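Q: Below you will find the structure I want to go over with you.
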Ligand code: G4P
C-alpha cells in the first residue's frame with residue numbers, strides 16, 4: 001500500500017469526460033470549467049469556430065479545415081482543493097469510437113443536454129457505453145437562456161430513454177427571455193440570472209416559495225408557477241443517494257447556461273463532492289486498486305504525429321495504481337520488454353508539460369516508437385493485462401487502393417499504424433487481395449487518406465464495397481470455428497490483429513448465418 005501522502009493525493013483527484021450530442025455545448029462547458037479552474041483567462045480560447053481562430057487542441061489540419069475537434073486532449077486544473085482531470089472527447093460523431101475508449105479511462109461523466117432538444121440519438125449511444133462500465137453520470141441541461149422544453153419533460157426523457165432516475169439538484173425558473181435563474185434544492189438558495197450583473201443569491205423557502213419575497217426580481221405568475229413546480233418535484237423525485245449514483249442508477253441534474261457561465265460552478269461542486277476519486281480497474285488476473293504501491297496503467301489512446309517535424313506518436317496511459325516518477329522502469333506487458341520512462345508529459349491543447357509526479361486517475365503521455373497498441377498494459381513488473389477496452393464493429397466500409405501500386409508495403413505499414421491507433425479498422429479478406437477499411441463515421445476515411453498522404457507519402461483512393469456488417473467470430477470449441485471457416489470463406493477476413501471476422505453484405509445474410517451456426521458468437525464489440 002502507498003503512504004499516507006500518496007493516499008491523500010489519490011483522494012484529491014477526479015477524472016471525468018464530458019459527453020453530449022454535437023452542439024449541445026460540450027466545448028462551451030469545458031471552456032467555462034477551465035476559466036473557473038484558472039487554466040484559461042479569456043473565453044473563446046477553446047474554440048473560435050468560423051472565425052479563422054482555432055482551439056489550441058484543434059491543431060491537426062483536418063480539424064482546422066472543418067472546424068471540428070477530432071483528437072483528444074487531457075486538461076488538468078485545480079478546483080478548490082481537488083485536482084480535476086478533464087478528458088476532452090471528439091466533438092464529431094464520426095469519431096465516436098475514440099469517445100467510447102476514453103470512457104474506459106474516466107471515473108465519471110458529465111452529460112450535457114440541449115434544453116431545447118432533449119435527448120438526442122448520440123446521447124443514447126454514449127450512455128449505453130457509460131453503462132457498460134457502470135460510470136456514474138452527472139447531467140447538465142444547458143441553454144436555458146433560450147426557449148426550452150419543459151424541465152419535467154426533459155427529466156422524463158432522461159428516465160425513459162437513458163434508463164436513469166433523475167434527482168434534480170437545481171431547478172430552473174422559466175427559460176428564454178424569461179429565464180430568471182435556478183433554485184438550488186440542496187442549498188435552499190436561489191441564484192438569480194442576469195447576463196450583465198454578478199449573480200445575486202438569496203435564501204428561499206422551498207415549501208412556500210411566495211414567502212421568499214422575491215417579487216422585485218420574479219413576477220407573481222412565475223412565483224406561483226414555481227410554488228407549484230417545487231411541490232410537484234418534491235413528490236415525484238427522490239433525494240440524492242450517493243450509492244445509487246455510483247452504481248449509475250440515478251443521475252443528479254443541474255440546469256443553466258454555459259454560454260453565460262451560469263450553473264457551471266454547481267456542476268463542479270457536485271463533481272468534487274460526489275464523483276468518485278480514482279477507482280480500481282479489472283485486469284485478467286485481479287482487481288487493481290489505486291492505493292497499491294506499484295505502478296500500473298493502460299493505454300486507451302494513441303495519437304500519431306502530434307508534432308509533424310518529429311513524426312512522433314504518443315500513447316496516453318491512464319494510471320491505475322502507484323505513481324509515476326521520471327526515470328522509472330516500466331514493463332510493457334504485451335511485448336515483454338522493459339522501458340525507462342523519463343519524459344512523460346501531459347498536454348494542454350498543443351502545449352506539452354513534463355510531469356514530475358503523476359498519480360492514479362492522471363493521464364500521462366509517453367513516446368511510442370511503433371510498439372505500443374491501444375489496450376496495452378504497463379506495470380512495474382507484474383504480469384497483468386487490463387481488460388475492457390472496446391473496439392466496436394464498424395458500420396461503413398470502403399475498399400482502398402493505391403494510385404501507385406508499387407507502394408504496397410508503405411500502405412500496409414501506414415494502415416497497420418493507423419489501426420493500432422484506432423483511427424480506422426482494416427480487414428484482409430480470405431479470398432482476395434482487397435484492403436477493406438471499416439469505420440463508424442465517413443469522416444474517418446478522409447482522415448486516413450489525408451494522413452497517408454502527409455505522414456506516409458502515399459496517395460490512395462477509396463470506393464464503395466458490398467459489405468454492410470462486420471462481426472468478430474468466437475466459439476468455445478475450435479471445431480465449430482473450423483467448420484464455419486470451411487463453409488464461409490468468401491465472407492471471412494482477418495482484422496489487423498488477426499481476429500477472425502465475418503463481413504456480411506446485408507442484414508439478411510448475417511441473420512441467416514447466425515441462425516445456421518448457433519454455436520458461433522457473432523460479436524459486435526471486441527475487447528482489445
Ligand atoms: P459542442 O462542443 O457540444 O458541439 O457545442 P459548443 O460548445 O460548440 O456549442 C454549440 C453552439 O451552442 C455554439 O454556438 C455555442 O456558442 C452555443 N451555446 C453553448 N452553450 C450555450 C448556452 O448556454 N446558451 C446559448 N444560447 N448558446 C449556447 P455556435 O453559434 O454554433 O458557435 P459559436 O460561433 O458561438 O462558437
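The backbone N, Cα and C atoms fix where each Cβ goes, glycine too.
Curation does not apply to TrEMBL; its annotations are automatic.
The GTP binding site annotation in TrEMBL covers 20-27, 88-92, 142-145. The domain 'Tr-type G' annotation in TrEMBL covers 11-279.
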Q: In the three-state scheme derived from DSSP, which category covers residue 26 (GTP binding site)?
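A: Looking at the DSSP assignment, residue 26 (GTP binding site) belongs to a helix.
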Q: Listed binding-site residues are 20, 23, 26, 89, 144; which sit with C-beta under 6 angstroms of ligand 1?
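A: If the test is a Cβ under 6 Å from any atom of ligand 1, the answer is 20, 23, 26.
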Q: Taking the Cβ of residue 23 (GTP binding site) as the centre, how many other Cβ atoms fall within a 10 Å radius?
A: 13
Q: Can you tell me the mean pLDDT for the domain 'Tr-type G' (11-279)?
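A: For the domain 'Tr-type G' (11-279), the model's average pLDDT rounds to 83.
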Q: Identify, in sequence order, the residues in the chain of residue 20 (GTP binding site) that are 6 or more apart from it along the sequence and have a CB within less than 8 Å of its CB; answer 'none' if there are none.
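A: Residues satisfying the criterion: 26, 111, 112, 113, 114, 122, 123.
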